[in-house]
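A short write-up of the structure that comes next.
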Amino acid sequence: MKKTAIALVVAGLAAASVAQAAPQENTFYAGVKAGQASFHDGLRALAREYKVGYHRNSFTYGVFGGYQILNQNNLGLAVELGYDDFGRAKGREKGKTVVKHTNHGTHLSLKGSYEVLEGLDVYGKAGVALVRSDYKLYNENSSTLKKLGEHHRARASGLFAVGAEYAVLPELAVRLEYQWLTRVGKYRPQDKPNTALNYNPWIGSINAGISYRFGQGAAPVVAAPEVVSKTFSLNSDVTFAFGKANLKPQAQATLDSIYGEMSQVKSAKVAVAGYTDRIGSDAFNVKLSQERADSVANYFVAKGVAADAISATGYGKANPVTGATCDQVKGRKALIACFAPDRRVEIAVNGTK
């Protein structure tokens, strides 16, 4: 009984800790991130065409905020709004920058997540970003790198990301994310405004971030199941013939009634204990009490109780309920009648409501 109660309490506490690790629904969060960006698809070809070197990697950073729409059964759904400096690519000639392409803008995306371990989510994001691309051209012959021209263009680009996020505390989470931005910018030379260069790179970046979740508070505590314990006592003279272990026909109605109550208990563990009176040898009484306990247990198994959820033990003449009441009684028939309360089968049922 005590072990069962302790186990249920521990299970309840474990469930509560899991709930505290996950973000709560209908709450907001905000964070910052930083990492490295890399330009791909078109940069190398453009550099070869104009016979310049290039730097594709740069520092990237951003801020983001989100609203947790759903978090149930390890599945989460949020909407995120952010602003990123997506990074920059540079064209280089003779050790000097001759062209620079920078990108920044806002983005909106849906974030779906799945909790793989307690407090650890993997996630994916898909959305759209409104990106402003700035192109700056420099005079490579000037030691001060005087700008010859500057041009910019805003364009919508697809944004996708995958990552992992860990809740250090219910209010604080860290994430590692790979993000890619598709077809960024569309440069048109100032002397040819109707002509666009075949240069629309996509930008991949790996970022580390940290976020604060608002309104988490104490997570809802999952209540431990209510412990249920029931005990039934059967008079052996009603259930069995004297000195026998076979169930009487009239015992069926009593056992069926007990089974009906037993079936209302969840995760039930059943212990059947058989007892005899003090008449006869110890060996005979232990054997008889065990057989009677087995008969009752087998009846319940036949009704549907799992065999591994029920036990049967015979205790012989142990634990008499008559005490010293029959010590002065004389005669076998009188003793048999007096000892009747000792001849019993007790059924203990423990589980949850």
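Each residue, glycine too, has its Cβ placed from N, Cα and C.
According to Swiss-Prot, the features are:
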- 227-353: domain 'OmpA-like' (DOMAIN)
- 1-21: signal peptide (SIGNAL)
- Glu80: site 'Part of salt bridge gating mechanism' (SITE)
- Arg175: site 'Part of salt bridge gating mechanism' (SITE)
- 27-37: transmembrane segment (TRANSMEM)
- 58-69: transmembrane segment (TRANSMEM)
- 77-85: transmembrane segment (TRANSMEM)
- 104-115: transmembrane segment (TRANSMEM)
- 120-128: transmembrane segment (TRANSMEM)
- 158-167: transmembrane segment (TRANSMEM)
- 172-179: transmembrane segment (TRANSMEM)
- 205-213: transmembrane segment (TRANSMEM)
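Spatially close to Arg175 (site 'Part of salt bridge gating mechanism') yet at least six residues away along the chain are Gly31, Lys33, Gly163, Ala164, Glu165, Tyr166, Ala208, Gly209, Ile210, Ser211, judged by Cβ distances under 8 angstroms. Look at the domain 'OmpA-like' (227-353): DSSP puts its residues at 51 helix, 35 strand, 41 coil.
Sequence-distant neighbours of the transmembrane segment (58-69) (same chain, 6+ residues past either end, Cβ-Cβ under 8 Å): 23-37, 76-90, 111, 205, 207, 209, 211, 213. If you look at the transmembrane segment (158-167), the same-chain residues 6 or more away from its ends with a CB under 8 A from one of its CBs are 21-23, 107, 109, 113, 119-129, 173-183. Long-range contacts of the transmembrane segment (205-213) within the same chain: residues 23-24, 27-38, 60, 62, 64, 66, 68, 86-87, 170-181, each at least 6 residues beyond the stretch ends and with a Cβ under 8 Å from a Cβ of the stretch. Around the Cβ of Glu80 (site 'Part of salt bridge gating mechanism'), the number of neighbouring Cβ atoms within 10 Å comes to 19.
If you average pLDDT over the domain 'OmpA-like' (227-353) in this model, you get 89.
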